[in-house]
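Asks: There's a structure below that I have some questions on.
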């Protein structure tokens, strides 16, 4: 193998002209050319080795130290206007969780890789941001939240009493192909219940409550519901071994993303007969609970579970939001029973949220199983839907007061006024060293409610001048009575 030709080091550059001293300018130029050469060599080596994602160019500045200002591909900055929207949405998540009497928890975004590596062919295991830390441990930026939740439940052990009703809002990371409403990072609202065998109706109620608070109706969004037990019943009909169940779930979850022929081919590759594959596809095309009962029989557990859930939906008052769809199986291996996902009825967006029952997750981590179910609700798709429906709230900046001293010697008194108002719970911006014309324009830009002017003549009388910007009303008020 031919050796690379190394560029000269800085020491070599200095030795080439021992009799000619280098000025600072020459030295800087030589150093810059040396670094530039090294960067080209590194870039050449990197492009021919293992860096294949095509994102490396966006992570480096040029040789003059100019930094790439865009965030890594698939991630987001949150400037103030976007942060206001995010905060508003998270407040909606938290308020619904409060109404449902859930407690908030949180976990580190960095987790052990073993928590998310499963051998079921799940797509998520191929999308991990995983690496070895400086201590030699395999770690991952969590791609979803449920395993972290399960870990915390196991850690808490008998120190907590069941049932547990927990929620969290956390960031998740997946290296996946980006589409509308799908990025490589997103925030996700999770609600989970441990210790209740039949709690899906409560979770669906929480989802519907959120939609209603956001102004979304059942004509905008629906929730498809099915059960993993439906597929299990079909496999039993064809005497398919239990160990193939999870693998089949992962494959049929791709319905709608792959052609029917491709799905059938993958199912056959697992060892299923053509007759069994046809039977699976036929059952998964059923959209009516009564039709499912005709095919599987009324004594099948999946049918009984689903009928009970739809009965609860009538009692809760959200029956018009949900529909049966046997093709819903969800792609994660740990689901065991009822599964569901919300969708926009116009079909323009990917799933808005999804979840289900996972009664046997804890045992995969070496603990005793507890009945559990939950859902994940991302921030990206719902914002796209709100944009589509014209339901995004006005996220303009709004503050209560601007305090402005008309003279430099009044900056101290103005600070005192601002401090007093803040202690009373008002949001206050203290503006100094600006012209009055600029202050008025600034007040309009940030939607300030009042402008409080601290002037010499007023201050000598213990007063300030207040201008209510919405009505243009103007008056003087004693500083002790300013609210």
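Any Cβ shown, glycine's included, is placed from N, Cα and C.
Automated prediction, rather than curation, is the source of TrEMBL annotations.
When I checked TrEMBL for this same protein, it listed these features:
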- 1-21: signal peptide (SIGNAL)
- 73-393: domain 'Aminoacyl-transfer RNA synthetases class-II family profile' (DOMAIN)
- 144, 145, 146, 174, 188, 192, 330, 334, 335: L-histidine binding site (BINDING)
Asks: What's the longest C-alpha separation between any two of 144, 145, 146, 174, 188, 192, 330, 334, 335, the listed L-histidine-binding residues, in angstrom?
Replies: 22
Asks: Once near-sequence residues are set aside, which residues in the chain of residue 335 (L-histidine binding site), 6 or more away, have Cβ atoms under 8 Å from its Cβ?
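Replies: Residue 335 (L-histidine binding site) has long-range Cβ partners 228, 249, 329, 356, 357, 358.
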Asks: Sequence gap of 6 or more, Cβ distance under 8 Å: name the residues on the same chain that satisfy this around residue 330 (L-histidine binding site), in order along the sequence.
Replies: 228, 249, 253, 339, 341, 354, 355, 356
